[in-house]
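Down below is the structure, laid out as structure tokens.
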């Protein structure tokens, strides 16, 4: 009960790193609050006060040219024409061939052209305006997206996602009953498959016992090697060895497998007592969105920290004296007048970039890197906060002696508040360690990408080894942090002590760790397969019109692009199943560490009774002496 704030220095450093950068002092907030067109004018203020929306001529160019660092340094300028509009267009069409040579005023919408062009007086014909990206040409490919949204009722997709959520929840709740059956069916299925493989290899060996590899020789046709006895003899030996290893493993580890099954069943019971835990991934998702939004705003503030630079540019150098305008003269959009250049009707004052002179601007790259590292730190902290919150909730279930009477009323909220009140520093420190490893991996990937054309095999081998080692290190740190957060939630100690205690506890029970991890992964894999595969197949038969349901409530007309809603439902089902099963996996890991602590710290006496379930005590042949004495009395 008397927990103290741990690692407050690291927690203060985390908050300082995130909330007090210098970008807020020098950036232009209008760049975050208002969109800006190609000429540098802001939409929604000034001369564009009645045009608050920004419209991209070809938004796909923005997605196809994404280079985060380069775009942030360039003010996130998308390489397509952008205009401020009052309302975004909702009609899709394509120009007829004859429209390319007609009067532009009869073809184009003036509000969707560059403001400096007057369609009534311009001498440019349609195809010239399109080639210069002065006016918008709606492509037919856009009608595909429109047809999809017109033909698919959103309610059908939501119904599919709701089914995925219900199936995921039902699967987790039923694991207390079906977990033993599923585990043993899978194990027996693997053994039966191995036995069939042995029989098949022996049968093939008998068929080709008169054909030797010396009769065939070397050949590039792989099928030829399947017709010699040595190939099937090799397969027979390998499968037999694997079969024996699996069989011996099951025999000698049957008790640990039973413990893993009991913990999985107990996790299902724990979730049934705190169903709100299944909704916590939504909190994590919202916090991650906040991190992304904050990082994006920070990057924009940094990119807009200098004064904007505008240049006099000719949109069409072939008109009049426009060839004399070389784009070196500065201008101000507020005071610029095209009448100052009477010989060039296509002249305009265009935003080029932000001023790069100054201490902050000269170190812009370093600040953007700093911002990217802070973003990774925030993401890892949010994930750590979720793991510690769930660990605290599930630990309160395990250490409740009389279940469910001793379980707190709001265990998830309690775990969340304890994590924020006592463990921010520890969580930030663990997230920082993981972030440093991820930064090193990113640097290695960057170096490998830059040196991809090098022919030095030794250097590439060394780089591959480094990448592999740091990949393994990242996986190990994630595993260690996860268990450290569980120990933090249980005992309230700092990160270093909790990580050491968790690691030593797991190393003393390494076989149980491996068995539980593999059994849990196997069950959750088949659970995801059941949810995604089942809902995906159901949505395929529904949206393709192969299911005829009675009534008009659930009726889907024949769709031309039914693969789009099917993919949407399948992907959404995977995200829902992953979110639910991640909570369940955290529950299993938490109860497992609590179980190991229970075994080492308690002996079943009146002073130190076991907190584990009766099924676990039965498997381990343990019991609480207090219960025996109570029964004798």
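Counting starts with 1 at the first residue shown.
Backbone N, Cα and C atoms are what each Cβ position is placed from, and that goes for glycine too.
Pulled from TrEMBL:
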TRANSMEM  6-26  transmembrane segment
TRANSMEM  155-174  transmembrane segment
TRANSMEM  181-199  transmembrane segment
TRANSMEM  232-253  transmembrane segment
TRANSMEM  274-297  transmembrane segment
TRANSMEM  374-401  transmembrane segment
TRANSMEM  422-444  transmembrane segment
TRANSMEM  484-507  transmembrane segment
TRANSMEM  519-542  transmembrane segment
TRANSMEM  562-584  transmembrane segment
Of 155-174, 274-297, 374-401, whichever stretch has the most CB pairs under 8 A to the transmembrane segment (484-507): 374-401
Best-contacting stretch, by C-beta pairs under 8 Å, relative to the transmembrane segment (519-542) and drawn from 181-199, 232-253, 374-401, 562-584: 562-584
Outside the transmembrane segment (374-401), six or more residues from its ends: residues with CB under 8 Å to it: 14, 17-18, 21, 267, 270, 273-274, 277, 280-281, 283-284, 287-288, 291-292, 294-295, 298, 407-408, 411-412, 414-416, 418-420, 423, 427-428, 430-432, 434-435, 438-439, 481-482, 485-486, 488-490, 583, 586-587, 589-591, 594-595, 598, 609, 611-612
Tertiary contacts of the transmembrane segment (562-584) (same chain, 6+ residues out, Cβ under 8 Å): 148, 152, 156-157, 160-161, 164-165, 168-169, 172, 175, 267-268, 271, 277-278, 280-282, 285, 390, 524, 527-528, 531-532, 535-536, 539-540, 543-545
